[in-house]
Amino acid sequence: MTEKTTTSLPPLRVAVIGAGPAGIYASDQLIRNGEREVLVDLFEQMPAPFGLIRYGVAPDHPRIKGIVKSLHNVLDKPQLRLLGNIEIGRDITVEQLRDYYDAVVFSTGAVRDRALNIKGVDLPESYGGADFVGFYDGNPRFDRDWDLSAKQVAVIGVGNVGLDVARILAKTADELKVTEIPDNVYESLKKNQATEVHVFGRRGPAQAKFTPHELKELDHSDNINVVVDPEDIDYDEASEQARRGSKSQDLVCQILEGYALREPKIAPHTLQIHLFEQPTEILEKDGHVVGLRTERTALDGNGGVTSTGRTTDWPVQAVYRAVGYRSEAIEGVPFDSQSNVIPNDGGRVLTAPGAQPVPGLYATGWIKRGPIGLIGNTKSDAKQTTDMLLADAAEGQLSPRLHEGPEAIVEFLEQRNIAYTTWEGWYRLDSQERALGQEEGRERKKIVDWEEMVSHARAIPVCI
Ligand SMILES: Cc1cc2nc3c(=O)[nH]c(=O)nc-3n(C[C@H](O)[C@H](O)[C@H](O)COP(=O)(O)OP(=O)(O)OC[C@H]3O[C@@H](n4cnc5c(N)ncnc54)[C@H](O)[C@@H]3O)c2cc1C
């Protein structure tokens, strides 16, 4: 059952909280460590694993969604047990959990929107980008219906999430029907009236946070004419330096220049990227969004921008704020509410930023370093955390668990009637989603209803 182990010490039992990429990579590294046998229970609040790969990565990015195939190999390992549909901090307290494990690793990621404080942000058609992502990616915790009656739409934020939101709004429902989107999402997207999508960022091309692949991909749809105003292409010495220092940033600049210089493409939908436009107010009439006011900025010579005082009002009927994700605190675990992460020193949880470690608690992924970076980054990050955990174990720094045996936690869950899901359950849910997709010639069609997901995972007859 174990891979290479070199000590005769009893196995370490570790709880990893959050079955997104960070939690799965951390589990894998713990199991494969080669020093000591480690048995991992991977807790997940959703009935299905994979975190933002399932509920963040856009449905028209099947290659990225396909990363789950390689994560399957990890979850298939006998030293790893998935316990889904359990929210740590609510269904089980961290204190209770610690009785069953020698160490706990938090990899709880981020799922909500970071706040944007501009006037009008609370208007009904001012939407959080993360909420829209949760809707179109079929996350049962988010709204099932979406008002897509706006013809002109603004997206605030020049990062990849902004591009995802803008692209989904600019594509047609039928272009997306080949993906895994659930029926309710397809039905809403069919009613989408948006013909103009405007993406706004306060800085210039050399500071935009897009990645080249995602920026280039916008142009792959025959339905989208991507536009950049040539006046929005500007560089100062610091910007030139940024281009020289990063091949990826240089490519982003080249792609934006290409969009700015070419002849317009004939397409029913326009997606315009506006640079050097700082959103300052969402405009309202009779309680509804009627526009977005931006202030023109200019490079300050150091790669930053200053305001010019020149404002423009853009007629739009909906605004999507894609200004970043935000992690949430877990009851019983220190949280730094300034930077919205668990305070930590390279992965060891601290009682407060810069303070003492809490023995036996660790963090990895977005909850450790904030909501930045791609799936691949969570792997190296997990290595740093798990190396620390194993070093602490070797030095006797962990407080040993009270309960022995893998069944103890299962008995605890069953005594409390917690309807937990398992890895075998994921196979059942997965095959059901695939079967639904195959009926329509698609690889998968997602099931959105929470109870339905649980019923398939637990092999309980589904009543709908
Ligand atoms: C909209 C969007 C699109 C993206 N697209 C791409 C892309 O195309 N390519 C790419 O490489 N990266 C992409 N990323 C980035 C990628 O998703 C992240 O780098 C990665 O998911 C972070 O991993 P994580 O495990 O730290 O967090 P998450 O993926 O958020 O996983 C955290 C898990 O913890 C669970 N959890 C949270 N709290 C609890 C609790 N109390 N108890 C139990 N479980 C809990 C959550 O349900 C979740 O499953 C995208 C991100 C977003 C937001």
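FYI, residue positions are counted from 1 along the chain as it appears here.
Any Cβ shown, glycine's included, is placed from N, Cα and C.
Cβ neighbour count for Gly373 (FAD binding site) (all protein chains, 10 Å cutoff from its Cβ): 13. Here TrEMBL flags Ala22, Glu44, Leu52, Ile88, Trp366, Gly373, Leu374, Ile375 as FAD binding site.
The annotation NADP(+) binding site is assigned in TrEMBL to Arg202, Arg203, Glu214, Gly373. Listed in sequence order, Val158, Leu275, Phe276, Thr297, Gly304, Val305 are the same-chain residues six or more apart from Arg203 (NADP(+) binding site) with CB atoms under 8 A from its CB. The secondary structure of Arg203 (NADP(+) binding site), as reduced to three states from DSSP, is coil rather than helix or strand.
Annotation source TrEMBL lists domain 'FAD/NAD(P)-binding' at 13-191.
Neighbour counts were taken as the number of other C-beta atoms within 10 angstroms of each residue's C-beta; across the binding-site residues Ala22, Leu52, Ile88, Leu374, Ile375, the minimum falls on Leu374.
Cβ contacts within 10 Å of Trp366 (FAD binding site), excluding its own Cβ and spanning all protein chains shown: 29. Ile88, Leu374 are the binding-site residues among Ile88, Arg202, Arg203, Leu374 whose C-beta comes within less than 6 Å of an atom of ligand 1, given in sequence order. Pairwise Cα distances among Arg202, Arg203, Glu214, Gly373, which the record gives as the binders of NADP(+), peak at 21 Å. Taking CA atoms as the reference points, Arg202 (NADP(+) binding site) and Ile88 (FAD binding site) are 38 Å apart. Counting in whole angstrom, Glu214 (NADP(+) binding site) lies 34 from Ile88 (FAD binding site) by their C-alpha atoms. Looking at the domain 'FAD/NAD(P)-binding' (13-191) alone, the prediction's average pLDDT is 97.
Classification of Ile88 (FAD binding site) by DSSP places it within a strand.
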